[in-house]
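Noted in TrEMBL for the protein shown:
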type   : residues : note
DOMAIN : 376-420  : domain 'SOCS box'
REPEAT : 136-165  : repeat 'WD'
REPEAT : 166-208  : repeat 'WD'
REPEAT : 210-251  : repeat 'WD'
REPEAT : 252-284  : repeat 'WD'
REPEAT : 314-348  : repeat 'WD'
Amino acid sequence: MASFPLSVNEKLIARSRTVGELLAPTSPFDKKCGRENWTVAFAPDGSYFAWSQGHRIVKLVPWSQCLNNFLLHGTKNVANSISTRLPRQNSDSGQKNKPCEHIIDCGDIVWSLAFGSSVPEKQSRCVNIEWHRFKFGQDQLLLATGLNNGRIKIWDVYTGKLLLNLMDHTEVVRDLTFAPDGSLILVSASRDKTLRVWDLKDDGNMMKVLRGHQNWVYGCAFSPDSSILCSVGASKAVFLWDMDKYSMIRKLEGHHNDVVACEFSPDGALLATASYDTRVYVWDPHLGVILMEFGHLFPPPTPIFAGGANDRWVRSVSFSHDGLHIASLADDKMVRFWRIDEEYPVQVAPLNNGLCCTFSTDGSVLAAGQDGSVYFWATPRQVSSLQHLCRMAIRRVMPTTQVKNLPIPSKVVEFLCYQI
């Protein structure tokens, strides 16, 4: 990972510390095309990490074992060598929760991954079903993989076995997201210009098709309370959907090029979107207004330039679990860590050909993928202020419109609405 030039405003920014690497095995005859790592994901409980190695292969590894291996053997690690140190097991042996490694051949190029965990109290939305093939219990952990041929395959994480094969999309499944409430509601975003809603507790029944995008859909993300879905795509599209009524709430306008990634803050008060226009916008999703802008090109490009090809396309964005930091990954060979209240990055790291990034479940590590391999960095760490913790607690249960009606000083309202 070579050094990289910094802009004038970024020369004094700290470099993030490398935690580790998972390097996909390659042979001299491997074609680089097909080895792209389009997606990385952490399990909701932090037990597993998964990434697409390219050439149809998804690797599932226990995250704690990865961290231990990094500490014992330094940062570099050839992915397949872990298998010699990790026990394999059968979930029928009564040790279902003991993590083990799996290599999954999905049968086609993998574009998207998502973990989903089950809460038994969350029933299927299809109330008239009396029989199901699968009874998902408290300890169930699933992995959904979106493929080049439009299929979605659902795997049992503990056994590596294929459970379901969902076949309704007609083009690449570019992104997947599970509802965070444990209902095993899955949403898929596809190049066929649609989003589809699946109920895995109803044996993968497709419940709804969300139409509105006029071009490819690149990404989708649930709000923390599972009530709102954001979807982003080509032609500057950012849509918000009501997931109780399956209807569009509003379209967010402001980007000047394709929007390729989105994620809500942990309290649901903010929404980050990344675009090929060289910017990350942070929105108030309840009002549809832009609160913050993080630029990756200085000076900021004009709308005409931002709408075309350049070397600062932003590929991915991820919100940290402290609600204060955002990570972005751009074509200028840099990973940036931003604070939501500062104009410039607080840390940077080099990464050639980066395609995707996400924070670990506890927020301490950022994983970023490129060409079949994954790199990990320590994230900016600081103790959140009591004011910010109170703000997050309030915003988890109150949308902006309700906050603005509180009988409190205007400065406090502005703080709660992330306007100062």
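Backbone N, Cα and C atoms are what each Cβ position is placed from, and that goes for glycine too.
Annotations in TrEMBL come from automatic prediction, not curation.
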Sequence-remote partners of the repeat 'WD' (166-208) [C-beta within less than 8 Å, at least six residues beyond its ends]: 44, 111-119, 121-126, 129, 132-134, 136, 142, 144-148, 150-154, 214-222, 224-226, 229, 231, 233, 241, 243, 246
Counting only residues 6+ away from its ends, which parts of the chain sit with a Cβ under 8 Å from the repeat 'WD' (252-284)? 216, 218-225, 228, 230-240, 290-297, 300-301, 303, 306-308, 310, 312-319, 321-323, 326, 328, 330, 338, 340, 391-393, 395-396, 400, 417-418
Counting only residues 6 or more past its boundaries, what in the same chain has a CB within less than 8 Å of a CB in the repeat 'WD' (136-165)? 41, 43, 45, 47-48, 50, 52, 58, 60, 90-91, 96-97, 100, 102-104, 106-120, 171-176, 178, 184, 186, 188, 190, 192, 198, 200-201, 203-204
Restricting to the domain 'SOCS box' (376-420), what is the model's mean pLDDT? 94
